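Here's what Swiss-Prot has on this protein:
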ACT_SITE  E26  active site, proton donor
BINDING   K87, A107, S141, A142, D143  substrate binding site
BINDING   D139  Mn(2+) binding site
ACT_SITE  K160  active site, nucleophile
Amino acid sequence: MHNVPIEYSDEVQNALSNGLPILGLESNVLSHGLPYPRNLEMFNACDEIIRSNGVVPALTFIRDKRICIGASPKDVELLTDDPKPIKVSARDIALCIAQGKVGATTASASIAICELAGIRIFSTAGLGGVHRDFSETLDVSADLHEISSRKTIVVSAGVKKFLDIPKTSEVLESLGVPVVGFGTSEFPAFYCRKSGAFLESFSQDPIEIATAAATHIETVGPGGFLILVAPSKEIALDDELVEKAVQRSLINASSQGVRGKAITKFVMRAIDSETDNRSQTANFDVMVEVVNAAAQIARSLKPEFFLDSVAKK
């Protein structure tokens, strides 16, 4: 992987060279997340709030047989135009590069790319986790493996409500991933505040969390550090309403023979319907809140932490 060409935008390259805070972002949410033009509105809102914190945004994606870090307006247009870029997880990076396709990176791909490219901290709205039917399908997201094996700080709103959040928390513990709540003592469920899985470690102080994360990355652990941010009460969806929608949709999915990756879209459509599409608004708002929290943590990291990543590339 270290022989793969990496193309940095001038802004990201300058930030790397000078130890400025940088925040990695996935491109899949731009290409395959919200419908147009809400996807662009969300991207621009996130870009603005990251910059307002004095942090450089670094969108990750693949084009022209290169891993790209930092997007120009032309790149953003490429990632949102039809035909859509292919969705790239960590396992797909090499093939996407070899085939010369345009790739929109998921969380797992972005975490891998961030470590490779010297980007120390990455933010995403929702991670994958352990599925509720794990005993039958053995379905566990690659996101968990990537967090455990990459020296990258990850900031997220947890995992979606239809996953098995207590089991996801247990897997992260088994993998040795530190999980810390930023302003929350409960493992958040994306656009829901409650999950029933409580966190052993949490803090209100971004500097304290940044210090702990940097210490883990530099000296303690072989892998990453996960920081969880719960949605504010103003934007969060009702936990019971979403849980009922999830349970009904999973029963319907089983009776209709919906399996594997198709379950995610099936359940998300059910939640959209049950909430009168308020879930799409919540998706937008959660992403903005998470990148704001991530940017606060990024700017709390010392310049030496970012400069050291350049030396290790």
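Including glycine, each Cβ sits where the backbone N, Cα and C put it.
Other than the site residues K87, A107, S141, A142, D143, same-chain residues with C-beta atoms no more than 8 angstroms from the centre of those residues' C-beta atoms, the substrate site, are S89, A90, T106, S108, A109, L127, G128, E146. When the recorded positions K87, K160 are scored by other C-beta atoms within 10 Å, K160 scores highest. Within the set of recorded positions E26, D139, K160, the entry lying nearest in space to A107 (substrate binding site) is E26 (CA atoms). In the three-state DSSP classification, K160 (active site, nucleophile) falls within coil. Each of the recorded positions E26, D139, D143 was scored by other CB atoms within 10 A of its CB, and the lowest score goes to D139. DSSP classifies E26 (active site, proton donor) as coil under the three-state reduction. When other Cβ atoms within 10 Å of the Cβ of S141 (substrate binding site) are tallied across all protein chains shown, the result is 21. Highest local Cβ density among the binding-site residues A107, A142 belongs to A107, counted as other Cβ atoms within 10 Å over all protein chains shown. DSSP classifies S141 (substrate binding site) as coil under the three-state reduction. Of the recorded residues, the residue listed as 'Mn(2+) binding site' and K160 (active site, nucleophile) place their C-alpha atoms 14 Å from one another. Counting only the Cα atoms, the space from D143 (substrate binding site) to E26 (active site, proton donor) is about 12 angstrom.
A Cα-Cα distance of 11 Å separates the residue listed as 'active site, proton donor' from K87 (substrate binding site).
When the alpha carbons of S141 (substrate binding site) and the residue listed as 'active site, nucleophile' are compared, the span between them is 12 angstrom.
Across the structure, K87 (substrate binding site) and K160 (active site, nucleophile) are spaced 19 Å apart at their Cα atoms.
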